[in-house]
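Single-structure report; data block below.
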Amino acid sequence: MNCRELPLTLWVLISVSTAESCTSRPHITVVEGEPFYLKHCSCSLAHEIETTTKSWYKSSGSQEHVELNPRSSSRIALHDCVLEFWPVELNDTGSYFFQMKNYTQKWKLNVIRRNKHSCFTERQVTSKIVEVKKFFQITCENSYYQTLVNSTSLYKNCKKLLLENNKNPTIKKNAEFEDQGYYSCVHFLHHNGKLFNITKTFNITIVEDRSNIVPVLLGPKLNHVAVELGKNVRLNCSALLNEEDVIYWMFGEENGSDPNIHEEKEMRIMTPEGKWHASKVLRIENIGESNLNVLYNCTVASTGGTDTKSFILVRKADMADIPGHVFTRGMIIAVLILVAVVCLVTVCVIYRVDLVLFYRHLTRRDETLTDGKTYDAFVSYLKECRPENGEEHTFAVEILPRVLEKHFGYKLCIFERDVVPGGAVVDEIHSLIEKSRRLIIVLSKSYMSNEVRYELESGLHEALVERKIKIILIEFTPVTDFTFLPQSLKLLKSHRVLKWKADKSLSYNSRFWKNLLYLMPAKTVKPGRDEPEVLPVLSES
């Protein structure tokens, strides 16, 4: 009978004890602030001879061995083969050596910081798994410090358990799911008039009875694996099963002696739920035609039955994969289309004015037929015709009408030409602005005079409040300081402004006139036949 089938498997004993007669582990981790000892193992097997020289050494990093003695630190005590710390601190981390005659034993000690917000330190917790309804026992004892221990307390999740025995508290019961948690044994002891404590913590996980698990293979029952001839493939079969269950591979007899098929060693680990996770890999090297379209079956077997999943190797071309040249060609086409779209968008942004004008010309769109207004634009400009303002005045009353009216077929409202003398000028201006689709403002250094102030205020009211008219700003001469303008016009100034450049704006096909037509209402253009294509030269001064 296998030892794991003995009834003793029904008993789970967790003995929280530090009763080892010597310290055999070469690497040790302890928590700061607790008593700790190192003991050489040979001393427990042989009678120590009084005359035998025993020495303890410490080495930290690149430092040489330093011999330890009671004068090294008040926290260190030497008792033949035992080195005691009262208590151990962070700076005690390092390598320790015990030397007796020609024999030397070495330990590597790592002292970690205590968790001040918990009754235990997570890095010093031992995990244990207990099956539900199995016998569960926790006994708190410490044989080395037993004579110094005053009392011992047992905590669950940092809450003290009220037990009868304060010297060696013990729990004995059948495990239930409610028993899961962190159990800490804390020993309180006195040494040289000081109080110390030693803590040992276990993380107890209660799981279902593992003997009742129904084994199951993970993943789909049928798997098609795309492979290339001459390559290698690994078929991984994983299952959740019981400890005594087995997992194995089966495939056709004709491949049974195939030297390119190998079963790797089974790997098993226990999950946090207490179940066994097994994995077994079938490795097929240098895949040939005989390995294709063959069933490779993975089976898990238990006393309650079996479960099987299958793998079939197929050629990659049979899986309708995209050929490499088709994929490359598709990627090139996709990149070219993306570049073309980016270029098209860039061209549209740069030449949007030309495109809009071309669209208007192509569709012969006219926005002025049904809006009930008389003029396409009211021109606001400086009325004082002084020598220094002569060219600005000429631009407003001669150049704009010549181009927009005679060449492009628009109808403008010019103050000097269209306002009837002797009438109520204020009312007349307000009426003309209401009848206009645009308000063209010719800006200059001397623009804000009393004569144009009302035109501006009325036009801004129509544009910003009633939204019945759109404003077009033309900067005839460079203006650096716009503090003379109303705040509302400054807001418009932050948007698009057309700048007149005499040397570059003379041609009707110049950027200035195209931008002005873009801002004007769409209208069927009827250019004059006798009009020259270039304006007379005007300076910018």
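Including glycine, each Cβ sits where the backbone N, Cα and C put it.
Here is what Swiss-Prot records for this protein:
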- 133-212: domain 'Ig-like C2-type 2' (DOMAIN)
- 220-312: domain 'Ig-like C2-type 3' (DOMAIN)
- 330-350: transmembrane segment (TRANSMEM)
- 351-541: topological domain 'Cytoplasmic' (TOPO_DOM)
Per-state residue totals over the domain 'Ig-like C2-type 3' (220-312) - DSSP helix, strand, coil: 6 helix, 53 strand, 34 coil
DSSP residue counts for the domain 'Ig-like C2-type 2' (133-212), split into helix, strand and coil: 9 helix, 46 strand, 25 coil
Overall pLDDT for the domain 'Ig-like C2-type 2' (133-212), taken as the rounded mean: 89
